[in-house]
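Beneath this line is the structure, given in C-alpha cells, with notes to follow.
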C-alpha cells in the first residue's frame, strides 16, 4: 500500500501561535537585515534534499526487491491439491513481504519530500525538471500497476454482476495470490497516478508562468466567506450511501477480488436456513446465529444483484448518515449553531456538540461490538446446538478485532486537515485532536484484547508459544497458510510501542520527533497489514482512507505552490516574514504550516496569518530558544535576509461565524494576542467599511516591550503614535464608567512587565498596570448586551484561558479557546 505524508505536524514543545499584522512596522522599531543572495549558509543546505530523495529511491528499491522475494513464494504458484501441512511461504519470502510493507510507503514519502524541497531550494529549472521527472515516474508506475489489477478492474471492480460474462480464469485462483497482486496493483494505480498528476500540474503552472501571475495583481487579505454547508453535506451523504451499497455485494475478503468472485458474491442471498448454507454455498450465506436480535436483509435488484444489508455495515454507515443529517440541520440556523457551541453545565471543557458526537459514537460502537460477539456466525461455523461453533476466547478475539478495525477507521477522520470536512461539521483540525487520541487509545485497547484472547485460545490448545513467534507458525491451531497472522503480530507489537508508549504526554513532549516519525511509520505499516489480515476491514477503513488521501493531495498542491518571500526582518527575538502565495485564501484567526528547507526538510510549524494592505501575508514569529526551530530562523534571517526558501500549507483552523454574535470579546495573554489581533483588525475594518459588524473588545495582558511595539498597528491607524518609552505610565490614561459594551475602549492593555508606556493621543486605548482580571473585564466588556449574543475568544496561558472560560460560561456567553500548544 502506498500512502503519502507531507512533513510532520508541529512539535508541540515549540508551538507559538503568531499573528500577521495589517501594516508594516515603524522604522524605529525594526532592524531590516540586508538581502544576501545565495549565501554560503544557503548553499550548504541545497544538497540536503538530494540526500532525502536518494534515501527514498533506496527504500523503493528495497521494497521492490522484497516484493520480488515475496512473489516467489509457493503461495503464488502452487495449483493444489494441498496437503495438511502446506504453508505457502517460508522465512525468506516472508522477510520480502515485511520489507515491502515497511519500505514502499516510506520510500514514496521520502522521494516526494526530497524533490519537493528541490523545487523550492533550487531557484532554476533543475528543480522543476526533477519534480516533473518524479511526477512522470509516479504516473507511469501507477499505470503499470493496472497490469496486476486488470482481473479485478475488468468490471471496474464494482460492476461485476453477471456470472456468465465473468468466469474463472483457467489456472488462476484468487486464494493463490491473484487477489493479493490485484489489490496491490490497484492501490499503486490509485495512489501514484493522482500524486504524479498533481506534481505535473505544479510543473505546468510554473513553466507557463500562471502561478507567478497569480502572485502580483491579487490583493491578499483575510475575509470570512460563509460556507454553504447543505450542498457539501448532501454530497457527503450521497458518497456514504454509495459506499454502503458497494459493501452490500462486494466480497468481504480481498482474496476474492476477481471479477468472477465478485459476480458470484453479488447474487448470494442471506438466509437463516443453515442446511442451505451447507449444501448450496454458491447461492446462500448465513451471516447470523439463530438467536441473533438482528438479521441481514436481502434487497433483491435482480437475479444477479442482491444487496445483503449486513447489520454491522448498517450500524457503521448509518452513524455517518445520522451525523451528517443532525449537523446539517443544526448548523442551518443560528440557534442550532449556538447550541452546538454551548458549553456543558458541569464539564466546561466540552460543548453540547461534542457531547452529542460522543454519545452517537459510543452508541454505534456498542451496537457494532454486540452484533459481532452475540449475533455473527463467524466463518459459518455454526452447525446446530446452543453455541456458535467456536470457543469463547476465539469469539472474543474475533469480535475485539472487528471493534479495533472500526476504531482505526474512525480515528483517521479527526487527523484530517481537509477544510471541506471541517466546514461541514463546524470543527477544525486542532480542536479535533482529542478525539483522535481517545479513539486511538480505544483502538490500542481493543487490539491488546484481540491479541490476548488469541493467546488464551492458543494456550488452551497447548500451542504456545510456537503458534505466536514462529514464522511460519509451528503446529498452529488453525490458518496454517495465513501469512497475515505473523505479519500483523509484528506490526501490532511495533504499533503498541510507537503509538502507545511514545504517545504518552511526558514521553511525547520530551521525544517528539522520535514519537512522530514512529507514529507515521506505524501508520504506514498497520493500514496495509490490517487490510490484508482482517475480514471486512476494507469496508470500514477505505472511506476514511479515501478522505485522508484527498486531504494529502490537496496539501501536496498547496505546499508545492509558488511562494515569493517579499521581506524578512529580524528584531531582537522576533522575525517579521512577509510572503505572497499563489493560491492561499484564509479567514481571520486561521493559520498556516510553514516549512523552511534551510532549517529542516521535514518540520512544519503553524503560525497565524492575516492580510496586510500591501497585498501579501505577513507572519510575526517569536524565538522559543536559541536551539529551537524559531531560534534558528532568527539566525537565518540575520544571515541571509530573505534569501531562503519557503513552503506554505494551509489555511487551517476554524472559520468563526462572527455574524452570529453582537459582541466579541477577545482575551489574550502574551504572544496569544496573535490570532486575537487578526480578528480584532478584521472586525474593526468591517465595522468601518460595511457599517455593521459585532462590537469587538480586545483585552491583552502583556509583559514584553518588544511585543507591544510589534503590535502597535492595532491602535496607531497607520501613524506611529504609540511607542514603548521611558516616560511614566499614567495611572488612568483612559477612563470609562459606562456599562454599555460600545462605550468600553475597544483595546485594553494590561502591562505586567517592567517597561513603561505612553499613550496620550490614543482615545481608543486604555492602559493599566497589573494583571488582567478576566472575570471583571469580560463582564465590563459585555455590559448590557445579551450574554447569549456574546462570543468570548481566548488565547494565552492556561490560567488566563481558564479564567476567561469560567467567566464566559457563568455569564451564559459562548466561549472558544484557541489552542496555544497543539
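Note that Cβ sites are derived from N, Cα and C of the backbone, with glycine treated the same way.
What TrEMBL records for 47-71, 91-114, 126-148, 178-208, 229-250, 314-332, 352-373, 403-426, 438-456, 483-504, 516-538 is transmembrane segment. Summarising the annotation, TrEMBL assigns domain 'FAD-binding FR-type' to 546-658.
Mean pLDDT for the domain 'FAD-binding FR-type' (546-658) in the predicted structure: 83.
Spatially, the transmembrane segment (229-250) is adjacent to the transmembrane segment (314-332); three or more Cβ-Cβ distances between them are under 8 Å for residues at least 6 apart in sequence.
Stretch with the most C-beta contacts under 8 angstroms to the transmembrane segment (126-148), considering only 91-114, 314-332, 403-426, 438-456, 483-504: 91-114. Below 8 A, the CB atoms of the transmembrane segment (483-504) and the transmembrane segment (91-114) form 3+ pairs separated by six or more positions in the chain. The DSSP breakdown of the domain 'FAD-binding FR-type' (546-658), given as helix, strand and coil counts, is 28 helix, 39 strand, 46 coil. Residues 229-230, 233-234, 236-237, 240-241, 243-244, 247, 339-340, 353, 356-357, 360-361, 364, 367-368, 371, 406, 424-426, 539-540, 543 of the same chain lie 6 or more positions beyond the ends of the transmembrane segment (314-332) yet place their CB under 8 Å from a CB of it. Scored by C-beta pairs under 8 angstroms, the transmembrane segment (403-426) has its highest count with 438-456, from the stretches 178-208, 438-456, 516-538. Nonlocal intrachain contacts for the transmembrane segment (178-208), taken as residues 6+ away from its ends with a CB within less than 8 angstroms of a stretch CB, comprise 1-4, 67, 71, 76, 108, 112, 119, 128, 131-132, 134-153, 157, 172, 253-258, 528, 531-532, 549, 553, 556-557, 560-562, 582. Long-range contacts of the transmembrane segment (516-538) within its own chain (CB-CB distance under 8 A, at least 6 residues past either end) are made by residues 1, 3, 5, 8-9, 11, 101-102, 105-106, 109, 180, 183, 187, 252-254, 312, 401-402, 405, 408, 484-485, 487-488, 491-492, 494-495, 497-499, 502-503, 545. Counting only same-chain residues 6+ beyond the ends of the transmembrane segment (438-456), those with a CB under 8 A from a CB of the stretch are 393-394, 396-397, 400-401, 403-404, 407-408, 410-411, 414, 464, 468, 489, 492, 495-496, 499-500, 503.
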